[in-house]
Amino acid sequence: MNTEQLKQAFLDVFGQEADATFFSPGRINLIGEHTDYNGGHVFPAAITLGTYGAARKRDDQVLRFYSANFEELGIIEVDLNNLVFDKADNWTNYAKGVLKFLKEAGHVIDTGMEVFVYGNIPNGSGLSSSASLELLIGIIAEELYGLELTRLDLVKIGKQTENHFIGVNSGIMDQFAIGMGADNRAIYLDTNSLEYELVPLDLGDHVIVIMNTNKRRELADSKYNERRAECEKAVEELNAVLNIQTLGELDEWTFDQYSYLIKDENRIKRARHAVLENQRTLQARKALEEGDLATFGRLVNASHVSLEHDYEVTGLELDTLAHTAWEQEGVLGARMTGAGFGGCGIAIVHKDKVEAFKENVGKTYTEVVGYAPSFYVAEIAGGSRVLSRK
């Protein structure tokens, strides 16, 4: 959707011109899965699929939201002074949460607004449509009300919304990748200190293919919070001898030495994934910087194996995509990305082999799962931004 289409769509819905238009990307994560809430490193990148917005300030206390993705819901009206979670308000709860926490942080949002939203991130795909929406609302509020915010402020508000308004105990990676993204750069982020580096994503003759299982995953209703609790319990058990805050502080040798302290086989597996995935992420960044794409690809594969066997968050659909991808010509590596339990995988594929890859993986997946996957070539692009002003 281009800027003119956005402006026209806003005019069609609300009968007035928008003050500004906006875009907030989705994200993929190259490696470093389920490490963000374990104090480890992640390596995400913002993509050109995302959420578009157009907005206009009102002079009363009414918020009016419309999504082209949920046309059947029509315009949802919300009282600016009653920003509480209400299931009936559907997707606008994300917007309400962001505005609530902005206000609580002392930012003056004294009138309502009208917001048109259109997203081309497949819903429930694990490409962070919710974090994309949170950051979109954040930059809309920043622009319309002249708020003085750093981008990190908005990233933290997005995470706060996810954790304390929506009720998902997620880490900061998604919002960070979406807020801080840059063209052709991946973000190497230490989720403990929030120190980060923009690393050039030079894959030579290879491209990143997003593989969508087309099996929707619901993060809040999944085993995501259970995995987090298992890791927190493992830290507690390790601290009978050690003194750590998170699993991300350990290397594999220290973990092996003290894993006997963890009293449950499943918790040992969960913790082992968190520790080793963090180490893989450190190695992957080094490999990428040295142009060693073969090693980078092997680490990506190893990440999936660990998520499948130790963290157990993949399932038939994601495993079929990854395992089939590994067998294809021109593939450096493939794995699930995001929280798992459905959603998407990524594959690093030679650009001349992309069509054959899609055909072969699609055919096998359809035979095994019973319906077709979708494929998109990911372009790595900048973070949430204003597209145009009136």
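Every residue gets a Cβ built from N, Cα and C, even glycine.
Quantities reported herein were computed from a predicted structural model and do not represent experimental measurements.
Listed in Swiss-Prot for this protein:
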ACT_SITE  Asp174  active site, proton acceptor
BINDING   Glu33, His34, Thr35, Asp36, Tyr224  substrate binding site
BINDING   Ser67, Gly124, Ser125, Gly126, Leu127, Ser128, Ser129, Ser130  ATP binding site
BINDING   Ser130, Glu162  Mg(2+) binding site
SITE      Arg27  site 'Transition state stabilizer'
Site of maximum Cβ density within 10 Å, from binding-site residues Thr35, Ser67, Ser125, Ser128, Ser130: Ser128
Sort out the sequence-distant neighbours of Tyr224 (substrate binding site) for me: same chain, 6+ apart, CB within less than 8 Å of its CB, listed by position. Val168, Asn169, Ser170, Ala339, Phe341
Cβ neighbours within the same chain of Asp174 (active site, proton acceptor) - under 8 Å, at least six residues apart: Arg27, Pro44, Ser128, Ser130, Ala131, Gly158, Glu162
Calculate the distance in Å between the alpha carbons (Cα) of Leu127 (ATP binding site) and Thr35 (substrate binding site), and round it to a whole number. 16
Find, among the binding-site residues listed as Glu33, Asp36, Glu162, the one whose Cβ has the highest number of other Cβ atoms within 10 Å in the structure shown. Glu33
Recorded positions (Arg27, His34), the one with most neighbouring Cβ atoms at 10 Å: Arg27
Across all the protein chains here, work out how many other Cβ atoms are within 10 Å of the Cβ of Gly126 (ATP binding site). 30
Given the substrate site residues Glu33, His34, Thr35, Asp36, Tyr224, which other residues of that chain have a Cβ within 8 Å of the mean position of their Cβ atoms, reported in sequence order? Gly32, Tyr37, Asn38, Val42, Gly171, Met173, Arg227, Ala274, Glu277, Ala339
Roughly how many Å separate the Cα of Ser67 (ATP binding site) from that of Asp36 (substrate binding site), to the nearest whole number? 30
Specify the nearest of the binding-site residues Gly124, Ser125, Gly126, Ser129 to His34 (substrate binding site), where nearness means the distance between Cα atoms. Gly126
When the Cα of Glu33 (substrate binding site) is compared with the Cα of each of the binding-site residues Gly124, Ser125, Gly126, Ser129, which one is closest? Gly126
Which of Gly124, Ser129, all binding-site residues, has a Cβ with the fewest other Cβ atoms inside 10 Å: Gly124
Around the Cβ of Leu127 (ATP binding site), other Cβ atoms within 10 Å, all chains included, total 28
Tell me, by DSSP, whether Gly124 (ATP binding site) is helix, strand or coil? coil
